[in-house]
Amino acid sequence: MNDAGGEKIDEHLRAADPGGKKLPKQQQEHEQLHLDPSRWWFASSAFPMIAGTLGPVASAFSICALARPWRQNYLPGSDIDDAPFIKDPIWLTIINAIQLLIALIANMALLLNMTQRLRFSIAQPVTIVGWYISSICLIALTATASGPLIMEPTSQYIWSQAFYYGIYGAALYFLVASLMVITFLGAQTEHYPKDFVLTPSQRTLMMQTILLLFYLLLGALVFGRIEGWNYLDAVYWAAVTLFTVGFGDFSPQTELGKGLVMPFALVGIISLGLVIGSIRSLVLDRGRRRLSARMVEKRRRRMLKKMTKKGKDGILVPIKEGNELKQTLSEVDRGLTEFERREKEFRLMRDIQEETSRKRRWYATAFSTCTWAALWLGGARIFQACEEPYQGWTYFDGFFFCFVSLTTIGYGDIVPVSPAGKSFWVFWALLALPTMTVLISNAGDTVVKGIRDATDAIATITILPSERPFKKDLKRFLKHLSFGVLFKDEIIEETPTGFLGEAQDHDNFSDAEEENDAETALQRDQAESSTSPTSPRVRFNPPFRNDSVHSKNVDANTADENHHPSSGPQVRQRKKSAPYTLPNRQQDYLVILIDEIARVTAHMKEHPPRKYSFKEWAWYLRLIGEDESDAGQHGRASTHVKTKKDRLRGGRPNGLNEEAKVEEKPVPWSWVGSKSPLMGGKEEAEWILERLIERLGEELRRSRKEDGAEQEDERDEL
């Protein structure tokens, strides 16, 4: 039996209005994120963003490499800041300028492609070839400068900051060009469309980076002229200032410089914060959602294979008419109805999500910690090598210097003075600052979150009790304290909201009383509205494709309840069903849809994103045409799914596309299936809201069509 998710719900929408539209392309891609390998997400989204960020940085380094000569005359024991420059050969300057021009054209092509002003097939070859040419030119020039152009005696000559900026630029050009080659090849082999899968804010990240670097270089030029600094020293000072490190080795001495540094620093720090925020959003928000969806999909497949291998997959089989499939269930689960089986399936998916989310958070923290440590420890070794000939730094000096730089303490007692040390600090800080930001955010999701949750849990069972019963709070605390070992099968959740306002307390009233009260209130409202002399008569069918089949399936799955004792916890669980029924009048149904759209819209503002209970899901699915009690609408989960590459290359086998197959036969789905509403890259509230809005639109269009048909009939009668 095939497995699917939202497709069944979309089938109901198309049945209500044959002219209805399919899900938008972007919406389908969001819901299928988990089906595609993460490496292709990196190629289609992450790599272009990295290239868009580091490409302008490489060009800024190229400008620095062109700004000053590459060699200086330095006598040991003299002040290195006063070392005179030695003029470069004219051919070196010309080649350097040409590679900079080519790199700027390549950056412009990528920017136009990201802003959708230039086609992918044109922009990418220009960008890739341009960056590779710039990289090769800089590699050749730096190799020449360190070989044939080296002067004797070597102890009296050193390379300037411009030389090292040329090396950094060559490395970055080669890196970003190689990343874009992977992106281009992935699009050519149809693993994803020939376009960047980026949000509008991410498309502007490259422009933000360009403006920030332009601001930094221009500020360095202005302050260098005012204070009489070497331009590349001014670039170093501007970076130290905007990164809020403030070593103090360079500081404005003139009144004009002191007056201008305040607006320069304010605007620059804010601009830097915006760029860092965009990078953080890319890494933490979009990357987290994409990788989390993929990890859930892998964990889901492993779980299904494990359950099938051990013969414990009976809970995944829908309980059909006659209950012939119940024999596959265990003794504990054999008395379940279809609604209860779906609830167990739902909770299995929740367990997969929670386990995956916990692992992903700790993996992200470990990875960012290792990256940060590599920058710290590796940077310390490089700074030691740069400064040892001039200041006699030990490894601990570099270690301490990197720490005060990473934490922006900036004591200023030890600072780089060599051209290599100053230029490398600018390059190193551009990498270290975003890494530090990501590390802090990831630590907030793990270590800090654990401390905060533990504090809240202790407060809840002691001095700050919640609205839930004390017993529930204690069970929740012990469950978290034991990492889910205690009360593993205990259902500890808040009751859903659903129709008719906030849900009632399921601990104080029986489920039968709840359902009877809800049914009575709803029937009373329907009776009042149907007998009202002012209410128009509207033909309205419940949102199910085949009511007779639907009722037959539901009755078959609830018939066993009359053959069991009417007491005990198992009976209370067995009596659970979807929260409420739907009205028979279209006006009442539309009012419910509008109310729930408003409620879910409010849920989308919650942080962290709202996770709905099974009863809430059952209610919202019923609103859009599904019924968790109807086994005919459910299928068994499968581990065999299609990737985006398969979808791009022509859909399903046997010559049928996806839409045609859906029209032939409704596709069942499973909570632990590959297209479950809990899978994909969307938040649950967003998924539900889109379906409710679509359902509302379909009902309004159908009502308009029926009203038009009635008016035509009346005109024909006249």
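We count from 1, first residue shown onward.
Positions of Cβ are set from backbone N, Cα and C atoms, glycine also.
Here TrEMBL flags 1-29 (among others) as region 'Disordered'.
As annotated by TrEMBL, compositional bias 'Basic and acidic residues' applies to 1-15.
Under the heading transmembrane segment, TrEMBL lists 40-68 (among others).
The annotation transmembrane segment is assigned in TrEMBL to 89-111 (among others). Cβ atoms under 8 Å from those of the transmembrane segment (89-111) belong to residues 48, 51-52, 55-56, 58-59, 62-63, 65-66, 70, 118, 122-123, 126-131, 133-134, 137-138, 140-141, 144-145, 149, 166, 173, 180, 206-207, 210 of the same chain, restricted to positions at least 6 beyond its ends.
Annotation comment: TrEMBL describes 131-150 (among others) as transmembrane segment.
Cβ atoms under 8 Å from those of the transmembrane segment (162-185) belong to residues 43-44, 47-48, 50-51, 54-55, 57-59, 61-62, 64-71, 96, 103, 110, 124-125, 127-128, 131-132, 134-135, 138-139, 141-142, 145, 232, 419-420, 423-424, 427 of the same chain, restricted to positions at least 6 beyond its ends. The transmembrane segment feature in TrEMBL is assigned to 162-185 (among others).
Counting only same-chain residues 6+ beyond the ends of the transmembrane segment (205-224), those with a CB under 8 A from a CB of the stretch are 49, 52-53, 55-57, 59-60, 63-64, 107, 110-111, 114-115, 230-231, 233-235, 237-239, 242, 252, 257, 260-261, 264, 267-268, 271-272, 274-275, 278-279, 282. Annotation comment: TrEMBL describes 205-224 (among others) as transmembrane segment.
Per DSSP, the secondary structure of the domain 'Potassium channel' (211-282) breaks down as 57 helix, 0 strand, 15 coil. What TrEMBL records for 211-282 (among others) is domain 'Potassium channel'.
According to TrEMBL, the transmembrane segment annotation covers 231-248 (among others). Listed by sequence, the residues of this chain that lie at least six past the ends of the transmembrane segment (231-248) yet keep a Cβ under 8 A from its Cβ atoms are 64, 67-68, 81, 160-162, 165, 216-217, 219-221, 223-224, 261, 264-265, 268-269, 272, 404-405, 408-412, 415, 419, 422-423, 425-426, 429-430, 433.
Residues or ranges marked as transmembrane segment in TrEMBL: 260-283 (among others).
As annotated by TrEMBL, transmembrane segment applies to 362-383 (among others). With a threshold of 8 Å between CB atoms, the same-chain residues lying at least 6 positions outside the transmembrane segment (362-383) that come near it are 288, 393, 395, 397-399, 401-403, 406, 416, 421, 424-425, 428, 431-432, 435-436, 438-439, 442-443, 445-447.
Taken from TrEMBL, the feature domain 'Potassium channel' covers 373-448 (among others).
Marked as transmembrane segment by TrEMBL: 395-412 (among others). Tertiary proximity for the transmembrane segment (395-412) is limited to same-chain residues at least six positions away from its ends with a CB under 8 Å from its CB atoms, namely 240, 243-249, 372, 375-377, 379-384, 387, 425, 429, 432, 436.
Tertiary proximity for the transmembrane segment (424-444) is limited to same-chain residues at least six positions away from its ends with a CB under 8 Å from its CB atoms, namely 57, 61, 164, 168, 235-236, 239-240, 243, 245, 276, 279-280, 283-284, 361, 364-365, 368-369, 371-372, 375, 379, 382-383, 386, 405-407, 416. If you look up TrEMBL, you'll see 424-444 (among others) marked as transmembrane segment.
Per TrEMBL, region 'Disordered' is recorded for 500-582 (among others).
If you look up TrEMBL, you'll see 630-663 (among others) marked as region 'Disordered'.
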**Study point:** Three-state composition of the domain 'Potassium channel' (373-448), taking helix and strand from DSSP
**Key:** 60 helix, 0 strand, 16 coil
**Study point:** Non-local residues, at least 6 beyond the ends, that sit with Cβ under 8 Å of the transmembrane segment (260-283)
**Key:** 46, 49, 53, 201-202, 204-205, 208-209, 211-212, 215-216, 219, 222-223, 226, 238, 241-244, 252, 433-434, 437-438, 441
